[in-house]
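Presented below is the structure to which this report refers.
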């Protein structure tokens with residue numbers, strides 16, 4: 001096996017350099033323009049004067065990370081089109097979240113999503129959800145920073161260390177200096193590059209293979225065009241219900257109770273504009289997801305007769321490396337094209353990391369520092385310092401991710417575990433008046449405990465669909481080496497904590513069910529516990545602005561119905577006819593005698 005790697009040309013490095021330079025330049029521009037990020041409102045919420053389209057692009061770009069960009073095609077390659085049905089949730093989740101929750105956020109005048117929970121329940125609930133968000137944020141950002149660094153180390157001679165540092169430093173730089181405006185506008189540029197990367201691979205792949213119909217024909221012959229089975233079996237790897245519910249729960253949770261998405265909505269002037277931006281992001285999510293799926297089918301059609309993971313040379317060790325490997329082996333003869341695709345992977349990481357950085361600073365500043373330090377109100381310097389420290393922390397943790405492969409698996413599981421109870425809390429807060437803080441805390445504890453147990457219990461390894469290793473004898477890896485792949489960590493199977501030593505009769509739950517199950521547990525336990533608590537104290541009054549418009553509509557409808565019943569009741573009471581009100585009326589005379 002040769003030790004050569006694909007050497008990016010001047011055009012490739014120019015594109016990569018421009019990508020990073022634009023991000024840094026936007027950070028500098030917004031640092032010294034406008035209000036110059038002098039207040040937390042300007043720094044965290046962009047002065048609440050953003051346009052709809054940039055926010056819609058930012059919602060999409062921050063929702064999908066580089067781990068999805070590289071991991072989802074790998075999922076298609078290994079298991080077929082099961083994950084396509086998550087688009088049912090991606091298309092409906094933002095719309096549901098927009099009309100259920102956005103009016104509440106604007107009515108209550110919050111900066112963080114968890115500030116609403118304090119108004120609705122109390123400080124402990126706010127602190128618990130904020131802490132869970134920080135925990136999820138730190139792990140997820142570190143993983144997202146590592147993914148494009150892995151891509152670069154596979155296809156170029158740039159070291160993994162330099163890749164992590166360059167992406168992390170540039171992202172921290174423009175996010176810390178430019179605040180939310182810089183983050184939003186760089187998200188627009190990065191979203192375009194993400195789509196460009198996927199479109200480039202899709203067009204190049206379809207042209208090489210003979211058209212998109214040929215791609216689907218090969219995928220059909222290889223058993224990759226599949227529909228999840230209609231079953232509620234919790235042990236099944238994929239079912240139509242588990243895939244659909246997971247997509248729906250994750251999407252609504254992100255748009256309703258995750259600070260990253262909520263903070264973007266709050267940069268708009270009013271709830272009407274925020275709803276439009278959120279709804280517009282839904283087709284963007286679906287388009288991105290479908291392009292990732294198409295890339296996975298192209299990878300299968302390309303390597304169907306010679307799987308690079310099982311070939312004698314083994315140029316790659318896991319399916320999540322398929323995208324950079326495909327770029328290296330099929331685009332090296334097109335100057336600038338590899339650089340454009342790598343820039344798209346870079347952008348998927350940068351958009352997510354910058355979003356997490358800014359949201360982390362908002363949560364720490366508003367939910368933890370500001371309540372104990374009232375003078376903190378306009379101290380934007382400390383908020384920027386938090387963002388800077390967090391960026392450095394994530395860079396350091398990324399090297400831990402590179403050293404410990406299992407961390408990537410457990411990170412995605414943790415994200416799913418938190419998304420379930422997080423959504424349940426916001427649903428109970430906005431749709432019920434019975435729920436109270438004690439019940440919510442019981443629900444969170446039960447949900448996290450059960451989902452943690454299910455996430456880390458041993459489960460059997462799910463075998464991928466058949467692959468061929470009938471490779472020609474010549475070296476498959478003439479342009480790529482596997483010497484740096486010792487750090488590789490699979491993102492495609494990152495949802496699973498699997499083992500081959502599980503007993504055949506042992507019970508387990510597929511990772512696809514864990515997040516929806518965690519949500520249901522929190523909903524049920526939280527609501528029932530709240531009812532039990534009300535046995536010992538009076539039901540608190542909940543201001544109408546704390547409730548979802550749908551819940552307010554039902555309340556107003558019930559009030560109108562009660563008024564109508566009272567009106568009907570008063571009309572239906574028996575009355576004395578006017579003809580009987582004369583002086584000879586015995587009832588009237590008897591009443592007068594009583595009064596006398």
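All residue numbers here begin at 1 and follow the chain in the order shown.
Any Cβ shown, glycine's included, is placed from N, Cα and C.
Of the listed segments 459-484, 485-510, 511-536, TrEMBL assigns transmembrane segment to 511-536.
According to TrEMBL, the feature transmembrane segment maps to residues 236-255, out of the candidate ranges 236-255, 356-375. The stretch in 192-216, 236-255, 275-303, 439-456 that contributes the largest number of Cβ pairs under 8 Å to the transmembrane segment (323-346) is 192-216.
Taking Cβ pairs closer than 8 Å, the transmembrane segment (439-456) reaches residues 121, 124-125, 128-129, 132, 410, 413-414, 416-418, 420-421, 424-425, 428-429, 497, 508-509, 511, 514-515, 517-519, 521-533 in its own chain, all 6 or more past its ends. The stretch with the most CB contacts under 8 Å to the transmembrane segment (275-303), chosen from 84-107, 158-180, 236-255, 411-432, 511-536, is 84-107. As a quick check, the transmembrane segment (6-30) and the transmembrane segment (411-432) miss the bar of 3 or more Cβ pairs under 8 A, pairs 6 or more apart, so the two do not touch.
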